[in-house]
Amino acid sequence: PAFTWEVRANDRGYHRRVKKRFAFCLSKRKYSGNAIRTAKYNLLTFLPLNLYEQFHRMANVYFVFVILLQTFPEISTVPWYTLLFPLSCLLIIRGLRDLIDDIGRHQSDRNINSRPCEILTGTSFRWHKWRDICVGDIVRLRKDSVVPADLLLLCSSEPSSLCYVETADIDGETNLKFRQALLVTHQELGSEESMAAFDGRVTCEEPDSRLRSFAGSLRWRGRAHALDSGRILLRGCRVRHTALCHGLVLYAGEWPGPHQWFDSKIMRNCGKIKRKKTKLDRMMDRLVIAIFLVLLVTSLGLAVASGFWARTFQEKHGYLAALYKHTTPAQQAFLNFWGFTILLSIIIPMSMYITFEFIYLVNSCFINWDLEMYHGAKDIPAQARSTSLSDQLGQVEYLFSDKTGTLTQNIMSFKKCCVNGTIYGPGTGHGNKQAPGSGLSREQQKLDVCDATLLAAAQRDKDPVLREFLRLLALCHTVMVEDRGDQLVYQAASPDEEALVLAARSLGYVFLARTQDSITIRELGRTRTYEVLAMLDFNSDRKRMSVLVRDPQGTIRLYTKGADTVILDRLRRRGPHETLTERALDLFAGETLRTLCVASREVSEAEFRAWSRRHREAAELLQDRARELDRLYEEMEQNLQLLGATAIEDKLQDGVPETIQLLKLGNIKVWVLTGDKQETAMNIGYACRLLTDDMEILEEKEVSEILQAYWESNNNLAGTGDAPCSRRLSQQRPEAPCHQRAIVISGDFLDKLLHTGEVLKEKKGWPWRWLRCDRAEATQDQGGLVEKAFVELATSCQAVICCRVTPKQKALMVQLVRRHKKAVTLAIGDGANDVNMIKTADIGVGISGLEGLQAVQCSDYALAQFSFLQRLLLVHGRWNYLRICKFLRYFFYKTFAGLLAQVWFAFHSGFTAQPLYEGWFLALYNIFYTAYPVLSVGLLEQDVSAKKSLEFPELYVVGQQDELFNYRVFGVTLLHGVGTSLISFYIALWAFEDHVGTKAVGDYESFSVTVALSGLLSVLVEIVLDTKYWTVLSFLMVTASLLLFCLFSFLTQSVDAFRIAPAIFRFPDASWNALTDPYVLLVVLLSLVVNTLPSLTVHAFRAVLGRATTQQKIRLKAKRDPEPSVELRSHVPRGSLRRRSSYAFSHQEGYAGLIARGDSL
């Protein structure tokens, strides 16, 4: 292919000059810088961009439109401040919230961009910051440093310029990988002067998101050298076991600006930052639009009625025709339409948005302040980075989790073993003690997993099988060792390998040194050197590795370790010891430990010579080399003698099994998406109780068969759209219990599946089947049908594990569920490979306190460990959903109950858009008079305590099913509010039509005060009756509402205020005149009783005759049960009956070849 991306070493000027066109005649720099920016605003763009975002909400646009209408005196019916004041408060509060959030993002960006690095400047390396890196720079990296950009490895301090990297933050794989520089740069670039003179040019592919592929060439000194992914260090990986390495920057991170673009591969996998909205938020937008349309229709109806009324009035009362001298009935109707639009606009609750923001902010603070989610060891509290998603935490149905660093600690420890049929380790009946020989010191080394009996047996050196077992652990591996005086530092390709070598060292068999053709170990104090004759390399098909060695006595032995399934099939015989070992493997599997078997055999000199000759010939083949070598390896690895089995514990994060079990009881389905291999993912699935022994595991073969059967039954592609995969699954496998299935698939399978059903191919070779239609004829509808069928199948299972997936595939899985199930999704991870998934999910959670910060930067919530999810979702999430739903219900109720009387008044005021209430009452009703009790519900309400919420996770289902606020609940609330407003208005109207008190209180102002007070008290009593959790603050809120009504009534209705500004203060002494009349007070009391009786009746009827739902029964039980003295903690033991090998994924293929060539020594 023709490569168009050219990088010139040590030539910043070239990379700054080159431009590329991106729109019409506009151009920009082709090569991006390395500064990242996740923040949205800067000093200049904050105000315009924030206002632009806020006015994307239709409600805000509507309110501005109404305020503009109020500037016309002919149609203005209420004072301008009734809408301008709350709208200004809303915009300011939201702006401040966005500003606070963005300041946090700026700080995170600054922390990453300011990381130190060494850049070649002139003829020496100088310390700079990550943001100063440019394409073409040469960068020096030290051990344990993070790679700041995508680099071409030029040279390193290791032999043959190898560089060991850890990519867990990119692809989730825990094993070390090696990268190797070109031979020419390894030989020529050994000094700073030579690097400064280096003028090579790299031509390669344009930046893309493919993490596992790279193609290009290096031209230097007239020669071209091919480049592949084995020469590249990706941004985000970490240098391990390599003192120094140098790289040429090919792709940088990101160019900051309003139109950001990304060059480095990991940044291209991160996706874009999207504004997230909750289900309730989206529902609110639709409800506000519906209310707006209803108000327009109502205003139109009242305006038409006003026109007819005006014409009738003119005909009946001609002597008053002067009142309509300048307007016709049609004009009167037109003006009244806009007047009613302004008058009724207050019913759209702008102040609800203000209170909404405050509730979200305080509930986020409750999360930040929760000491139960504070990790003392790391000094890291929970952090709500987004303040507008707290209610959606109570509605999560699908949880997508990374594995490495999220579920696991990536720490392998040697836990148990079985040697010659005897089991050693904790819990086997033997005492434990710390044994010498396994730490960093040569003489006094400690490892706390050794069994005292095993240690004593090893030191007695009487058991030849145990001796061979420990010798194998010290010899059969690809670990490198570095002697640092009094320390031995091991460089292992994987944590598994290191755990086994450390275990052997702790028991007196210390790996000391390795050369290209020898290994030196110390056996119980005696140093012995073994000649390495051949290393039979690991790969994922063989699932084992072997080493052929000649001991100091000249005996040739083959040592093999690998998956139990492949080792047991190659034994010379099956005796009682082998049977006991198999039982031990089952026992280890029951504890979800990662097992492997070890075996050996003696090889005769003649056999070795014949085999070695054929091995050399196979190694020189140009074609079919790998297949021929595998055949020879298979031939040698036969007739083995089983020595025993090892059990390694892959340590989980604290509380992971307990958390997953609680989440499953709360009907939250957990999907694990990892870049690691299938065996690793399944082992962790069993360890954390995501998978259980009674589950049927559907792997790629079964999934493709099920989808194929579905496809064949719907091959006309007409489909009804129901994708009945779960029904077909039940028909095909009726023996499995309902809802006890799990899917385990790979990223490659997912890619083929979603590319218009590529896995559904004709059966010429399992598992792929060609579709009856040619793939070129496949349409987007067909692809969507396969997608829907797969999602239907996956969501019908109890758990899903996707392994070997890229960051983009993780995000794709989240998108599929969101698109086809319309469910709330949560994604949690800790690395850069999880960023895209976190951004795509409805809620993103980053694990903080680890080495990577990318996931936390882009997350909505940051936690120190996975186990805190149980409290975040089951306590805070459920409470917040309950609070927000009650808040919405009663906010709408109080708005309709108090303000719809304006509509009823129009029927008795000639449809003249005359406001019933005082302007100040309209302005303050939703802000002060009724806001505080509803606010206390939104902040403090809870049905059961935090401990009971964890004890009864089934309560969480209410939020998933949208039971507390939906269109039906809104309709009931609307009817309730309409009824309250009708009762308050017409009881007062009836009373004032028939009687005038001793003070002659029958005027318009007194009537207004009576209706207003009746509605206000009815609303407050309704809220009091339905509040379940009372605190001192709750009582103060209700009391404050009444006091504020009295205070503002006194201030706005004083005679002095009327004298100063009669146009603004139009109700002088209205409340005093009305409320000092006992008759008016009795009218208010009657309205209050009539309004409250229906609610009391409904509550009583439900309590006596209503059938309690399952949720209500659980809630009732939670309330009646005594409170536990300590917070509930489930204790789920590690356990499974399925045996799993750990060696199938122990390290990257190819290490044995490096050792044999001497490249890694």
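Cβ atoms are placed via backbone N, Cα and C, with glycine included.
Taken from TrEMBL, the feature domain 'P-type ATPase N-terminal' applies to 9-83. What TrEMBL lists as transmembrane segment is 55-72, 287-310, 337-362, 887-907, 919-940, 969-992, 1004-1025, 1032-1051, 1079-1105. Positions annotated as active site, 4-aspartylphosphate intermediate by TrEMBL: Asp402. The annotation Mg(2+) binding site is assigned in TrEMBL to Asp402, Thr404, Asp830, Asp834. Annotation source TrEMBL lists ATP binding site at Asp402, Lys403, Thr404, Glu497, Phe538, Lys561, Arg594, Thr674, Gly675, Asp676, Arg804, Lys810, Asn833, Asp834. Look at TrEMBL and you will find 619-646 tagged as coiled coil. Per TrEMBL, domain 'P-type ATPase C-terminal' is recorded for 856-1104.
Break the domain 'P-type ATPase N-terminal' (9-83) down by DSSP state and the numbers are 30 helix, 9 strand, 36 coil. Listed by sequence, the residues of this chain that lie at least six past the ends of the transmembrane segment (1079-1105) yet keep a Cβ under 8 A from its Cβ atoms are 897, 976, 979-980, 983-984, 987-988, 991, 995, 997, 1001, 1006, 1010, 1013-1014, 1017-1018, 1021-1022, 1025-1026. Cβ crowding, taken as the number of other Cβ atoms within 10 Å, peaks at Asp834 among the recorded positions Asp402, Asp830, Asp834. Around Arg594 (ATP binding site), taking its Cβ as the centre, 27 other Cβ atoms fall within 10 Å, counting all chains. Each residue contributes its Cα atom, and for Asn833 (ATP binding site) and the residue listed as 'active site, 4-aspartylphosphate intermediate' those atoms are 9 Å apart.
Neighbour count (other Cβ atoms within 10 Å of the Cβ, all protein chains): 30 for Gly675 (ATP binding site). The binding-site residues listed here are Thr404, Asn833; among them, Asn833 has the most other Cβ atoms within 10 Å of its own Cβ. The binding-site residues recorded for this entry are Phe538, Arg804, Asp834, and the Cα of Asp834 lies nearest to that of the residue listed as 'active site, 4-aspartylphosphate intermediate'. Note: the Cα of Thr404 (Mg(2+) binding site) and the Cα of Gly675 (ATP binding site) are spaced 9 Å from each other. Against the transmembrane segment (1032-1051), the recorded stretches 287-310, 887-907, 919-940, 969-992, 1004-1025 differ in Cβ pairs under 8 Å, and the greatest number is found for 919-940.
Phe538 (ATP binding site) sits 29 Å from Asp834 (Mg(2+) binding site), taking the CA atoms of both as reference points. Residues 59, 62-63, 66, 69-70, 72, 75-78, 82-83, 86-87, 89-90, 93-94, 97, 288, 291-292, 295-296, 298-300, 302-303, 387-388, 390-391, 883-884, 887-888, 891-892, 895-896, 899-900, 902-903, 906, 912-913, 915, 922, 925-927, 931, 934-935, 938-939 of the same chain sit 6 or more residues outside the transmembrane segment (337-362) yet have a Cβ under 8 Å from a Cβ within it.
Contact between the transmembrane segment (919-940) and the transmembrane segment (287-310) is not supported, since fewer than 3 Cβ pairs fall under 8 Å when only residues 6 or more apart in sequence are counted.
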